Each structure stands twice: as structure tokens, then as C-alpha cells.
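One structure is given below, encoded as C-alpha cells.
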Amino acid sequence: MTTMVNVDTLPEYEKSQIKRALELGTVMTVFSARKSTPERRTVQMIMETRQVAWSKTADKIEGFLDIMEIKEIRPGKNSKDFERAKAVRHKADCCFTIFYGTQFVLSTLSLATDSKEDAVKWLSGLKILHQEAMNASTPTMIESWLRKQIYSVDQTRRNSISLRELKTILPLVNFKVSGIKFLKDKLVEIGAQKDELSFEQFHLFYKKLMFEQQKSILDEFKKDSSVFILGNTDRPDASAVYLQDFQRFLLHEQQELWAQDLNKVRERMTKFIDDTMRETAEPFLFVDEFLTYLFSRENSIWDEKYDAVDMQDMNNPLSHYWISSSHNTYLTGDQLRSESSTEAYIRCLRAGCRCIELDCWDGPDGKPIIYHGWTRTTKIKFDDVVQAIRDHAFVTSSFPVILSIEEHCSVEQQRHMAKVFKEVLGDLLLTKPTEASADQLPSPSQLREKIIIKHKKLGPRGDVDVNVEDKKDEHKTQGELYMWDSIDQKWTRHYCAIADAKLSFSDDIEQTVEEDPVQDTPPTELHFGEKWFHKKVESRTSAEKLLQEYCAETGAKDGTFLVRESETFPNDYTLSFWRSGRVQHCRIRSTMEGGVMKYYLTDNLTFNSIYALIQHYREAHLRCAEFELRLTDPVPNPNPHESKPWYYDRLSRGEAEDMLMRIPRDGAFLIRKREGTDSYAITFRARGKVKHCRINRDGRHFVLGTSAYFESLVELVSYYEKHALYRKMRLRYPVTPELLERYNMERDINSLYDVSRMYVDPSEINPSMPQRTVKALYDYKAKRSDELTFCRGALIHNVSKEPGGWWKGDYGTRIQQYFPSNYVEDISAGDAEEMEKQIIEDNPLGSLCRGILDLNTYNVVKAPQGKNQKAFVFILEPKKQGDPPVEFATDRVEELFEWFQSIREITWKIDTKENNMKYWERNQSIAIELSDLVVYCKPTSKTKDHLENPDFREIRSFVETKADSIVRQKPVDLLRYNQKGLTRVYPKGQRVDSSNYDPFRLWLCGSQMVALNFQTPDKYMQMNHALFSLNGRTGYVLQPESMRSEKYDPMPPESQRKILMTLTVKVLGARHLPKLGRSIACPFVEVEICGAEYDSNKFKTTVVNDNGLSPVWAPTQEKVTFEIYDPNLAFLRFLVYEEDMFSDPNFLAHATYPIKGIKSGFRSVPLKNGYSEDIELASLLVFCEMRPVLESEEELYSSCRQLRRRQEELNNQLFLYDTHQNLRGANRDALVKEFNVNENQLRLYQEKCNRRLREKRVSNSRFYS
């Protein structure tokens, strides 16, 4: 196998030679997961964009990957891509695989060179270039990004971009162009000629655009509190920041101690200077360069000292650490049908995870397999997993790895497991205690590069501690069934499970493998679906008008064309195209040859179809006596929707709603022409509700929302059939007369598919709770007489959500007055969602459940002859007269028998509990060879609820619900136990979607291994990633010393809590936010403190419309101050959302940090995607100030808290008096008086706190100046 050269020792000239070789390219064999046959391609490095590209021909790149996204370069034939092409023989030392991507499941590029020397060269070169890319300065990254934009529109890698291409690019990077005049004016400013920009001009255009959009942020440096005062900021070069000013800024505003060295300050400045003439002993930054620095990762909010490992912290007992832990590590997705993969183990281990789970089952040939038992998840070999663990366990972190074994294997296969552990892991496997007489766990340092087995262990007499209660429900009937769909008249596959005499089923499993065979389209019809085919255009003049309008808008490119049916000759067509500023027409003639229709423009060249003819002349020139020309851009047909079954030209809103209400399926839809306007509406069903969304016309485009542009309604529908339109709903069922007629025949089907019947309407449970209630996230002081003033935590009732970011509501004595919507959160919807969660809490399918059948209300019968082309069918016949039967089918007779017996036992009231117990009693044997490998992590179950007298050699595992119960009832006992013993907490079985629970309260009580689903990009996994970013991402973080104090209480009563710090945050702007779909983002930011319940708080900014490239909040956004009780155990979290066309928030990016690791000042917040992977150039700019609370100030903050609580009580009492007439009484005036007095007092307290902060900043700035 090829070994990688140590590139750090190579001299610079050798590195340059290697990079030059990669840039020239190498012909290699490319292995693909999607193609069974390897292909020869030229693979080369594009230095300007930092991308690896592969191509068949020089002018057409087939694919590329960003070098910054590379996670691993693996030598040899160590990927599945090579296994799929076993017939192709390549030496292992010529092969390697690049693993890359920003999701949990990585993409692969598997390559084979023709020589070992080439392989070594590429392995070394990629490592050199990856290091350079990861250390590149922000200006270098910007230049690379700009190159990518140019190359994305022209793969020839030319050094310029046209006005038309620029207009295309800007919406793709999240910026809405107001019109072509806006761009032309910008081109004049930068001196571009003839609507064409060189790369240097494109770079200048970018700099001017970003500066003009965000220059208002620099007003922050014109205030008295600033440590230096900026001059004119109207233009990028209007004023400058000089060396001494920059040093003062770094030292006193940013509190950067390294800035005491002027040489380091000078070096930092020169990275951001765009003109080498200014790289002198006294450099200066123009104001646009200073603004770029503020947004740069060099100015990050994260303190880099926490990227280093603190070896002094690694000598405590293992029980004193939080340990990064994974649940069901082998899965890449949900718990029902996702793929199991050894790569998932590798991904977790290389991400620093130190406790991984192996779910072991008996496999073929006497060798165990790993998968999620009784589900459709794929199976992987135990031996392969152990090999992967050995190879990757200590790449990222050298500290111990714990293997948590979920054992389901027979004794014989357990012996094989023990054999593989010993043979493969060798000296890495811990087989005896580090100290024979120790009374506590060893430290991570003592266990470096050791692998610990967590598994049941035989006692002195051969008995084993097995908790039968934990296992008794595990053997249940679950799996895939076909259900007969009476609407679509077909079988659909669902994941089903039986529990508590109920059969729960998931949504239908979309066919990904057994797709319907593609119907061959006759050659004469191939052109029907092409955008250039316009069918029968009214007249020649109409065709000319279409071409003229399109060319006027897009730049009049010769060869722009459309095809239409001939007005004069049957079976013939007309090709209309643009040449030299006018429209020309050619007749496409047809003729019969041997019974086959042929089409031609010239007699000597005929084609079998119109499609083939057009494709030919798009690649070859159309030659005439007067000219020769190649067809270029097609003019899209503006009205292809008129022939679609989902389109209705004359349909009112009410009629559309009536039609949709009769189709009880999410994803049912139609599009209708709106009356009296040149606009349309899409009416669809989602979450059981019928919704409408307007589609406007903008020139030839159709616009959904404000910035999702489509060439046609057909393109719009096609797009949203593949992508979510509303939340997770995609368009699936066109509402046609045939579908409505079929539904009328099956009118009772709603009783089965109306999923909302699973949930209880919140209004039925709590009718006294007013509708549309919101909760204040922060204090707000009215600035006008028609606005509300309220404190944090206030409940505002009867809210009217009006457009423009200002809502109306009732608070205290003020009725229907305005307040900013970003200061509140909607708790009505939150309560409903929480209720829904509680109702599905015990459902075996959890949130994936789409329906429940109560088996006590059905009789089960077999269909001996099968039904609807399925041989193995059983039917649930309702006991209630008039209800519809439900038909199920299986693929095998054995499955039919198992499901039939399970349901019949329930319907016959057979108690199977005793049988299950016996099943598990027969299966609790442990192989002594495997038992002997267990040293420190012996699970205990029988007495695990008793937390006294912990044994450091044991580990106690709790499902999240049990752990939550312990935390609520005896948090101190759990904390004391964890000071000596180990606990592991794992998600409940109902989390079949692989969602995660909140780990914070468990961390607070000292639980070391809080196992989460690493493959799920949710809030709690992001918090986990933030916690373990400490201590050099080793996977071990030492718990605060205060947690080991006898006086420490993880859940102290309110009287014992003290505010230790205030954190002031102001969101100023953002750059390069990611783009989700067709629409340009309308972003807003949520700032949240995550911690114990008393430390949790959040705040939202306003929404910026149609700008995800350079949004600004600085002029309107106020500073927000959070009170922190425990800075060691709290997180600062920035969430960036976009508000979609339905006013729903959609996640864009996040940044989550332990508060102890953040820095003060004007700081860049580099943004990450859901998987906590960096997003190129995406960042927020925030002002952040941390300030310890003095003892003299604690009384002031305590008074504020007490007043806020009292105001909440008074507000709710006043609301009852206002809404329930019979409750009015004499006490109301007293309540109003107390409410108003408290409100004034609270405002005075808050102003006093803010004044102290301002005085401190101003005095500091004067001192520094």
C-alpha cells in the first residue's frame, strides 16, 4: 500500500514541483459508486479555485470537489468503489480515495494512477494543498470564491464575465438585482467596457457592492464610546485606519494581548491590504478593508487557545470528564431503514467521538453482523467494523475509546467477537487494570491509545447481571408491509409496528430501487417536453415578438431559437431564430421513408425526430448560402402549463378549496388563474390544511414569493415535486377530475389517513388559554404612544400578526397596541407542538408515525387467493358497521403468518408477556472469553436505580426518560454518583427518526457519556459539538471543579442563584449566507443562551428582505444584555433563519460556543451548517461584551427578576378580568395601579443597569484614547 510522505519536512521547491504536477493533471482511472465500469479521466488541480477537477475533454469538466471539504485521503483500495469493480486490476499502491463533503455521509472519489510514483505525488500534493487551504487568509479565500463564480458560468476558465452572466450569478449567491440599470451603473463606476468585466473589475465590483450594502455598520466607530474615531465612510477609500489606530482597536476594544507586539499587528494588517504599494513599515487599511477584516475568520469570536489540548487537565479519573459519545454509531440516518456503514464509525471517531456503540447480532458463517435489529437498516460485518476502529480510533485524539456492546449474539458468535477483538486490536485492547489496587478510575493520560470494552461480565459463580425488564419489549412485530391505497389504486410500502394493541404505520416508503420501468417515448414525441417547443403559436408575428422580448432581456445572442408547428403545412414545423438583430424563419419539412417519418432542413440530412434535428444543430453549424450559425439558447414556451391536468383556467378560490378538502392527502395540489389579474395561485394541502400561495409574473418569469423565479409553471411544479414547498411537503398528487371521481367512490378513506385524528386539539384541553398568545423574549420600551412597553417573560394576548415586523396585542391595560415581532415567540404554536410530542411519546414509530389502527376494533382475516396482484394478503375488517377495511400484503408467506398471528393474539386477548420473558431467559448467556475482556465498564442493571456506594468498575446505563426522572427527583445523588462511577444515557426507542434529546441537564449532573445520534443535524448535536470543541477536540472535557464540591447543587432553588456575568450582544450584519432553494434568503438571526433552565434566554432580530449576501441590522438593532448564572456551563448560540413565503422560519446556519471560549469586541462569527461544518465565507458580525457582576450589583439584578415575575402574574390576572365579564370586581383598579407602578420601577432598574454599562465603556475609551 502507498504510504504518505511527511510533507512537513519537504523543502519549498519540492512542494512547488509537486503542486505544478497536480495542476498539469494526470490521466487516472476513476471509480464511481454510481457506475459499475471505471472510466479514464484527466484529474487535475485548479489552483485559482482550490478545486480538484476531473474531465473527459479539456473544455468540459465532469465534476469537482473543494479541497477545503476533504476530510480524509485514504491510501489503497479501501472504499466500496473499488469493490464494485473487482474485474479491474490495479495495484493497491497505485490507488487512493478522497473522502469529502459537508454532510455526515461523505462523498468519495476513488482513483487509480498508472504508477506508484504518481500516487505518491498526488497523496503528498493533496496534503500540502489542504494545509494551505485551511490556513489561507480571508482575502485569499474571497479571491478563490470569486474565481469559482466566473468558472461556474464558463468552464473554459476565461478571465472575464459578461453583464448577462453577472445578472445570472448574483441571485445564485443570494443577492437580488433591482434591475439591469443597477448593474450598468455599477459597471460605469468601475470603468468596465462593453458590458464585459475582467477578473480584476469583477473583484472591484464585489468589493464596492459589499461596502455600499454594509457601510452603515462603520457608524459604530463614530460614537464617543469607540476607542478610535473613523472619518468619512461614504466611499471605500474615503478614509483610513492607520497602524496605531488598528493596534489600539485590537488591544482595547478586542482585548487581544498579542497586539502589544507592533510587528504582529503590521503583519495582520498587510493580509488585508489590496495594494502592495501600501505594504510598508506604516501600513494603513481603507475603510472597506477594515470592514472586511471585521467579518473575517482572523477576527473570530472563538478563543483559539481552546483548540489546544491541556495535558494538565488529562490526569483526573475518567469519571471527572464529559466524554463524547455516540448512539447507534453504525447508522447513517433514521432507525428504521437507513444504511449501516463502517464509514459512520470512521466519521464519528475522526470527529473526536470516544464512546461508540456496536449492536451485534448473529450473522452467517458463524460471524456476527451489526445493524439495528428487526428493522430494514442494512447489515455490516462485525470484523470490518473492528478493523475500521483499529485504523481510525486515534487519528484525531490519542485518548481512550470505549466500545459499548449491545449484545444479541449466541455464545458461539461471542467467542468469535472476543477472538477478533484480541487479534485485530492487539496491544490497543485494555485487558487488565492499570493499577491493581486502585480505588478509582484511571485517567485519560493513563489510558492513552487504549480501547475499553463495555459489555456484560460474568460474576464469580458464572452468573450475569441482566435486566430482563429492559429486554422484555424488544421482541415485537415490526417491519415493512404493503397497504392498499384506495385513492391511487396501488400498493404502497409502509414501516409498521405493533405495540399496546395498536398497529402504527409510517408514511409510504418511496421506491428508490424498484422504480417503475421508464416508458419509451416515441421519437415523434421527444420534443414535447422541451422548453423550446411552443406547439401552435398564434402567428408568425407572435413568434417574432417572443424572440424579440427574450433577446432584449438576455442580451440578443445569435442562435437564440424556438420551434413551432407550421401554420400552413400539416406535420411540418418552423424553426425561428435570432441572427444579426432580427428574427429569421426556416421550415422543417417532413417526409415518409420506409414507413418512418423523417424531418430535415436540407435534403441531404434527415432525422428520425424533431428532437434529434435540433440537438444536431445545437452542436453543428446550420449552413446556408448567406450565413452559418449554431443554435444556442432556447426561448422557453411561456404557457406549457395550459395542457397540464393540474392547471385550471377558470376556478375560484372557494372551488379550489372545496376540491382540495375532498383529497385527504398532504401534497395534493392544483394551479389556477386568478380572476382579473395576470397572476396565478397554487392551492395545496399540507399538514391537513388547505393553503394558497400567489404566483406573480415578472416579465416572462413566474415568481413564487418574492425571489423564486421560474421560466414556466411546469418548471415550478417540477421543482417542488423534488424539493419541499411548505415545511417538508412536496407536490405529489395533481388534483384532476379523475382523482376527485375516484375519491368520491372512497369517501370514507379519510378516517384512515386523517393523521390529525392522532392528536388532540389544544383548545379542547385548555379552552381558557387565549388564542394567539406570545411570550416576550426581552424587555421593550415603547417609543410611540401606540406601542406596548413590557418586560421579559410577559404574555401578550390576542395577537394580530400584521406585516412589516410589527404586531398588535393586549398587555396589562393596553389593548391592541403595536410591538416588534422579533421581541417575542409564539407559545400557542409551541404548546401545540409540545402536546403533539407528548401524545406520540410512547408510539413505537415516534415522529415518523402517520397513522394508528386500534386492533381491538378489527377482526383479522386472510385473503386465501390474494388480492390486487399480491399473493400474501390479510385484511383488518372493522367491527363497526360502515367503516372501511384495511388491506395489507407481505412479500413472503412466513411474514404473512407472523403478522397474522401477532394480530390474532391481540384480538383474541392472548397475554404474551410470559412468553417474552422465557425468550429472554434463554438468551442471556455470556461467553467467558468475551467476559474476560471487560475491565472497567461492566454494566449493572438490577440495582442501577440505587445511586449509593458507586463501584468505579461498573457503568450504569439509562434510557433518556429514566435519566430525566432521576434528574428531576434526585439530581444531587446522581451528581455524587458520577464523581466516582460512570453513567451512560441513550435516546428512547421512540426516536426512530434519530432525533436527539436535550443533554444539558445530564451534563449538569455529571453524566459522562450522554450518547447522541451523530448523524442528525439538530440543536442538541450542535451543542454537543460545541462542548467538545474545548480541549483540542480530544473528546474529553474536564468538568468544572465546582461540580466536585460538596456544596454544589446542579438544580439550586431560586434563592441560592447568583448572577455571575452579563453578556451584551448586538447583531450588526452578515455575509455569504447559504441559499436553500430558488428563493433569495430573507434572513433573521436568533441569539440564544443555552444552559440550565435559569440560564436559558433568547432574542431575535428583524427580517432583512431578499439579501443573503450582505444583510445589515446595525441601524435598527439594539444591544441585548443576557444575565448568566453559570458561565462555565452555558452556551452562546447564533441561529440564522430565512423567513419563507409562508412566514415560516427555515434553518440556514448556526454557530454555537461555550461561553467560556468566546472573546469580546466587534467579532466575526464563522457560520456552520447543521452538521457543524464550516460554510465558505459565511459569517455574522456582532458586538459582544462580557462583564462580571459585582456583589454590589447583585441586589439590583435580583430586584429586576422579582419584579418581572410579579408583572407576569399581574398581566395574567388583568387578562382574566378583561376577557371574562363575570370576574370583574373592585380589585381590578388595585391590580392596574400595582402593574403601572411596577412597570415604571422595572424601567428605572433597567436604565440604571444600562447606564452603568455605558459609563464603563465611555470611561474605558477615553482612557485608551
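Even glycines carry a Cβ here, placed using N, Cα and C.
These features come from Swiss-Prot:
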type	residues	note
DOMAIN	20-131	domain 'PH'
DOMAIN	312-456	domain 'PI-PLC X-box'
ACT_SITE	HIS327	active site
ACT_SITE	HIS372	active site
DOMAIN	532-635	domain 'SH2 1'
DOMAIN	646-735	domain 'SH2 2'
MOD_RES	TYR753	phosphotyrosine
MOD_RES	TYR759	phosphotyrosine
DOMAIN	930-1044	domain 'PI-PLC Y-box'
DOMAIN	1038-1169	domain 'C2'
MOD_RES	TYR1197	phosphotyrosine
MOD_RES	TYR1217	phosphotyrosine
MOD_RES	TYR1245	phosphotyrosine
Helix, strand and coil counts within the domain 'SH2 1' (532-635) (DSSP): 25 helix, 40 strand, 39 coil
Comparing 20-131, 532-635, 646-735, 930-1044 for Cβ pairs under 8 Å with the domain 'PI-PLC X-box' (312-456), the winner is 930-1044
Please count the residues of the domain 'PI-PLC X-box' (312-456) that DSSP assigns to helix (H, G, I), strand (E, B) and coil. 47 helix, 30 strand, 68 coil
Could you put numbers on the helix, strand and coil content of the domain 'SH2 2' (646-735), residue by residue per DSSP? 19 helix, 36 strand, 35 coil
Composition by DSSP (helix, strand, coil) of residues within the domain 'C2' (1038-1169): 16 helix, 59 strand, 57 coil
Residue counts (helix, strand, coil, in that order) that DSSP gives for the domain 'PH' (20-131): 31 helix, 46 strand, 35 coil
